[in-house]
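Read the structure below first, then the notes.
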Amino acid sequence: MAYTQQATNAALASTLRGNNPLVNDLANRRLYESAVEQCNAHDRRPKVNFLRSISEEQTLIATKAYPEFQITFYNTQNAVHSLAGGLRSLELEYLMMQIPYGSTTYDIGGNFAAHMFKGRDYVHCCMPNMDLRDVMRHNAQKDSIELYLSKLAQKKKVIPPYQKPCFDKYTDDPQSVVCSKPFQHCEGVSHCTDKVYAVALHSLYDIPADEFGAALLRRNVHVCYAAFHFSENLLLEDSYVSLDDIGAFFSREGDMLNFSFVAESTLNYTHSYSNVLKYVCKTYFPASSREVYMKEFLVTRVNTWFCKFSRLDTFVLYRGVYHRGVDKEQFYSAMEDAWHYKKTLAMMNSERILLEDSSSVNYWFPKMKDMVIVPLFDVSLQNEGKRLARKEVMVSKDFVYTVLNHIRTYQSKALTYANVLSFVESIRSRVIINGVTARSEWDVDKALLQSLSMTFFLQTKLAMLKDDLVVQKFQVHSKSLTEYVWDEITAAFHNCFPTIKERLINKKLITVSEKALEIKVPDLYVTFHDRLVKEYKSSVEMPVLDVKKSLEEAEVMYNALSEISILKDSDKFDVDVFSRMCNTLGVDPLVAAKVMVAVVSNESGLTLTFERPTEANVALALQPTITSKEEGSLKIVSSDVGESSIKEVVRKSEISMLGLTGNTVSDEFQRSTEIESLQQFHMVSTETIIRKQMHAMVYTGPLKVQQCKNYLDSLVASLSAAVSNLKKIIKDTAAIDLETKEKFGVYDVCLKKWLVKPLSKGHAWGVVMDSDYKCFVALLTYDGENIVCGETWRRVAVSSESLVYSDMGKIRAIRSVLKDGEPHISSAKVTLVDGVPGCGKTKEILSRVNFDEDLVLVPGKQAAEMIRRRANSSGLIVATKENVRTVDSFLMNYGRGPCQYKRLFLDEGLMLHPGCVNFLVGMSLCSEAFVYGDTQQIPYINRVATFPYPKHLSQLEVDAVETRRTTLRCPADITFFLNQKYEGQVMCTSSVTRSVSHEVIQGAAVMNPVSKPLKGKVITFTQSDKSLLLSRGYEDVHTVHEVQGETFEDVSLVRLTPTPVGIISKQSPHLLVSLSRHTRSIKYYTVVLDAVVSVLRDLECVSSYLLDMYKVDVSTQXQLQIESVYKGVNLFVAAPKTGDVSDMQYYYDKCLPGNSTILNEYDAVTMQIRENSLNVKDCVLDMSKSVPLPRESETTLKPVIRTAAEKPRKPGLLENLVAMIKRNFNSPELVGVVDIEDTASLVVDKFFDAYLIKEKKKPKNIPLLSRASLERWIEKQEKSTIGQLADFDFIDLPAVDQYRHMIKQQPKQRLDLSIQTEYPALQTIVYHSKKINALFGPVFSELTRQLLETIDSSRFMFYTRKTPTQIEEFFSDLDSNVPMDILELDISKYDKSQNEFHCAVEYEIWKRLGLDDFLAEVWKHGHRKTTLKDYTAGIKTCLWYQRKSGDVTTFIGNTIIIAACLSSMLPMERLIKGAFCGDDSILYFPKGTDFPDIQQGANLLWNFEAKLFRKRYGYFCGRYIIHHDRGCIVYYDPLKLISKLGAKHIKNREHLEEFRTSLCDVAGSLNNCAYYTHLNDAVGEVIKTAPLGSFVYRALVKYLCDKRLFQTLFLE
């Protein structure tokens, strides 16, 4: 074999040398035959005649681009753009080659004459006449046919047979060959083949990309082949791109893309740039809810791109994809229910294939491989103030780094622009090597070398400067760091320095502030791939203009949206709503857009009075308003007239000018010509006040002016809310809650008695309802104690807000000094005296004030009396009610006394609205004002719910700031704490060194004035703790906010709330205020270890030396961030089954020390036989039920594990009454001033915007009460329930406001130590009759189903009938490497805290979902004033509102209330994940998200004692949510599981087995020990004393998995 191969090789070599003549002849013959075969194959190719005259070089271009054709160049026609015109015929033939012969084909915008000449009778051309050029082209094609026929006639020839069918078809039915309609509206042909095709030759530009897929589907197109012109350079910011091969060019102006030929001026085509870019970049073109057209690029030839669009069935994709662990039928159902959302998500994910694969980008853009886009740095010395256009150029990446790497080696002196330019020119030019000219490796345009050199030079200069600064570690000596930088730049640019400096700052390459400098080396280039993605994203975000509107309106709207597009989250801006609102209100969209951008970026100098710049708010803010001024007169009476009362002012409608300016005329005081008296409020319609708009939707002017306008609007909003509530009460007196009836009063004029008697008398104003049932605001006068009523009055409503003319008087006074409707800002010098607690601010005021010519204003009445008392302590009366006043007194009585003072002293001024401070300075006409306050203590709190109070308006603008850093009150240890809060050294004069102590108490039950007396002043953090202490018998208890500014010798600070409180944190101003009220001692009594205990412990450990020095070092710690490596499903490692009962007992005792030693078997008996003192509301007790009936006690199994679990209790009068007091009585009253109806509507709007999918917000027309819904409800009921409905005829209902009451006999275990000191109350069940449930149960079940279907399930989970596996799947896509804030909202007394406002919110949600108005009204009356009857215990009482624990809407109602509460307070648009279940919730936000004061909002608006706290791990419904780099796993709380193993209600062994099965269902994830370490961390975060628990987790798995072993945990 080897020999044969050797001989063959030798013969081959001889042949190559030509030594063998026979072989030579054979080779020549073979070469001839190959040439013949090649020529024959070439002849078999389709023949194309190229008639137009082109150059030889262009001939090569056409031949190489289309080797599939045999092209004959006749060069018999001279024409413009000859190559492009000839190539168009080749392009058409190339497209038609891809289609099976004879298949029905649509030529979109095609040449029907060319198809007729080819005899293609199966082609239909859509040739719409979009402009005159199309008409001309259509006529030219007809002329070409006539010319062809005339030549045949001249030669006496007939139409060839292959053309005759097409010509016959055109003669008989021209519409079947060509139509004048766009392809989107084409009616098509009547007879089609099985598969229909389409071609589009340079016609895609005029078809909107979003309509293309649907248009193809309407014509049943199988595949569409298309060709269009494009250039990669269009993605640069150049306005001109040339196509040299065909002699054409693109020019771009915004979204307008023009295509023209260089030598032709008439052919100019205009297209949409964004539309063309969509065809280039998009992969999928949706056609329907099921089918989509997928684009695939074929080839690029002579500036023309060929692609095809293939029709795909997406149902095949989804039903063919295997999904692990999902039921097939359930998956189909879910896909069909939410198809639109899932389809859009799938399309978006697929569209990114091209954009994320750089190799694909390089393939379709071959010229762009290894090319980068470099900006050209413009350093023009002219037009410094004008904005210069940005320029870019595309060059080789290798060229860029060759230059940069070389010039980086230059020394500092050698690094000049000239040297850089010289080097760039040298490597670009031709060089001579050994006498031979060599071309440069990089072909860079020489016209760009100077600009490129400047970019390279500046980039290198900044980079070297930054490196030098890093090396020198920013050591600055005689000059500042900023001066060094500018010296370097000046040396580099010499006389060009001012322009360069301005350009560097404008482009933000160097950022300079007063004390800081930042150097940012810009990105040298961007890749073509990045630019393609950027252009594509910007194009798809560009809205489609309404072609039905005029061109001018479309251009304005486009410009407006372009302005808005720079804002964050601009993709969520609803263009349709914005356009509609602008048209309705007559607002220029471009003006609205510019205002919005300026306001959001805080560069406008104005403030919009809405919370967020939504579409409607922006349009409403800029709505043109017509203001009308009411003419008024000012009466001036003589100086001998005495001071008139406010009642006289109202009656006479005149204001005394006595003392207004004294007896002298002041030029500084300018009184408005429009003086408003309180009479203007008399008999004004309530609708006028309630609907009265704010001062302006847009606050303009300086910051002080904006603050004044916001303050005036806040007064109007407060008055509006008070009037709205009175109007509601006067129409429905039954709606007054017994808990709040003391705040209101309703007087019946006809009956001459109080229907609801108010607690106080002498109200200044109220709301009146006349005989026509219209409501007005009236200023009240009295005849003795009786109200003087008008003839038409029917009822008068008053409230605690109407006792005085507070808001009315302040509004009158402030409006009276407005100048042309604008606040007048005083030129007085305002000095802020910022002092630490106890620095002697009041003492300083008394020492500096001259009571003869100065004014002292304080926020509270007690503070004013204290200042007067201290000022007059010497016996000489110098401080009076004229020069020492409260702020409210000064504003309400403005004009009744002296109005001009020399100096103003404002104590605790930072607790006031900044606008109020500005008004006080201006109205006092002082020349200097001193505002005393503490910047670290509690600031002004906006107590009008839903009123906008922008953050930047909260900063008081002053002329000077003085600091007081020596405290006269605080001991040394508190001074040490103050040094951590204030700038500068805080000193003290107190002789007390140590003053703090704390005590952890067992629970609120131990607090008693006898057994636990509290020393000194008693202070609490929350109103609920204050109310509890007052009910226990403690006196003189106040909250921290109430005692700010006061001083006490000894303080007892008390916290009885075990759940986290938001205001108790180290950063909270409440903590600072609470610890700085004493001079001698403070003791903290708390039920939990919190931030206060941590601070006090630290202070107790501070050495005496440090207390003398008052020095604090604060270090900053940084978090190391590590990127994830792998993501997937949970890793499973089976847990070893080890451990014993003693392990579980040990773990329980370590977590809850002492609970296992509690002997509570006879607590219920002790409760019955001992004397009890209970705080009971109005109720009826049947004392015959006080002795429970004797019952046989059931025997239960005894648990081996000792926990705090109790035996089931027996219902009775005392037991049920204690449970009712705990669960239903003494509900909190924390709510502020709330306009219930308007605020509820606003809250529901936020609820729907936050949680519901936009497309599904509209209610469905589905009958809520039907036979099917009733049958579904009955299937879920027990047989006993159905038996109760046997005699129900569904015609009449029992009383819907009557409820039954019972208790759950098994006490609920709490995972804390309260069992050691408290007798836990049982849970109650308040429920309707089954007959009522039979009607409303199916209704709300259907409403709940509709609500859950519309919820955005990808981000929110409403935990209804969910399994632990479903919870894991919901949280599985959380990225553990993305920093997140995990928030939990804990609400105490959730059910009984719900009042009228909560009901209004819930009813509004049900109504919007489609609840019938009649059923809604019946349901509403059944939840307002309700009666509870407990037949077992003999108790009857009345409750207002509250959540009923056994209602048909209990669970879903609680869930939507907590969700609505959170959506009204938190930025839900930034939420990553959120879950809600009853009163439990867990939220995942991006790290660093700003949150408002949750406790304040929950108190004032929702009446909730809410605490929002952050955690590292989520805890939801008794389960720990552990998210890791692979996904998420949910572990059941192991401590809760052990607590259940101590249950004392297990009846027998069968019951025990059922108990074990239920525990296995919820705790199955404990069998996976792969994430035990994470579980240890999560448990340790909640329970500080918990040890590492891997051993007990394994023990739990061991006993739960073994049926026999589990039986040993309980004894007979």
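Placement of Cβ uses the backbone N, Cα and C atoms for every residue, glycine included.
Here Swiss-Prot flags 52-466 as region 'Methyltransferase'.
According to Swiss-Prot, the feature domain 'Alphavirus-like MT' maps to 72-280.
Look at Swiss-Prot and you will find 803-964 tagged as domain '(+)RNA virus helicase ATP-binding'.
Mean pLDDT for the region 'Helicase' (831-1086) in this predicted model: 86. Look at Swiss-Prot and you will find 831-1086 tagged as region 'Helicase'.
Counting every protein chain shown, the Cβ of P837 (ATP binding site) has 26 other Cβ atoms within 10 Å. Positions annotated as ATP binding site by Swiss-Prot, on the basis of sequence analysis: G835, V836, P837, G838, C839, G840, K841, T842.
Swiss-Prot lists 965-1117 with the feature domain '(+)RNA virus helicase C-terminal'.
The annotation domain 'RdRp catalytic' is assigned in Swiss-Prot to 1380-1493 on the grounds of sequence analysis.
Within 10 Å of its Cβ, the residue among the binding-site residues G835, G838 with the fewest other Cβ atoms is G835. Reduced to three states, the DSSP call for V836 (ATP binding site) is coil. Here the binding-site residues are V836, C839; the one with the fewest Cβ atoms within 10 Å of its Cβ is C839. Within 8 Å of the centroid defined by the CB atoms of G835, V836, P837, G838, C839, G840, K841, T842, the record's ATP site, lie the Cβ atoms of D934, R964, T967, L968, R969, excluding the listed residues themselves.
With DSSP states grouped into helix (H, G, I), strand (E, B) and coil, the domain 'RdRp catalytic' (1380-1493) comes out at 41 helix, 33 strand, 40 coil. The Cβ neighbour count for G840 (ATP binding site), using a 10 Å radius and every protein chain shown, is 16. Taking all protein chains in view, 20 other C-beta atoms sit within 10 angstroms of the C-beta of T842 (ATP binding site). Its own atom aside, the Cβ of K841 (ATP binding site) has 23 Cβ atoms within 10 angstroms in the protein chains shown.
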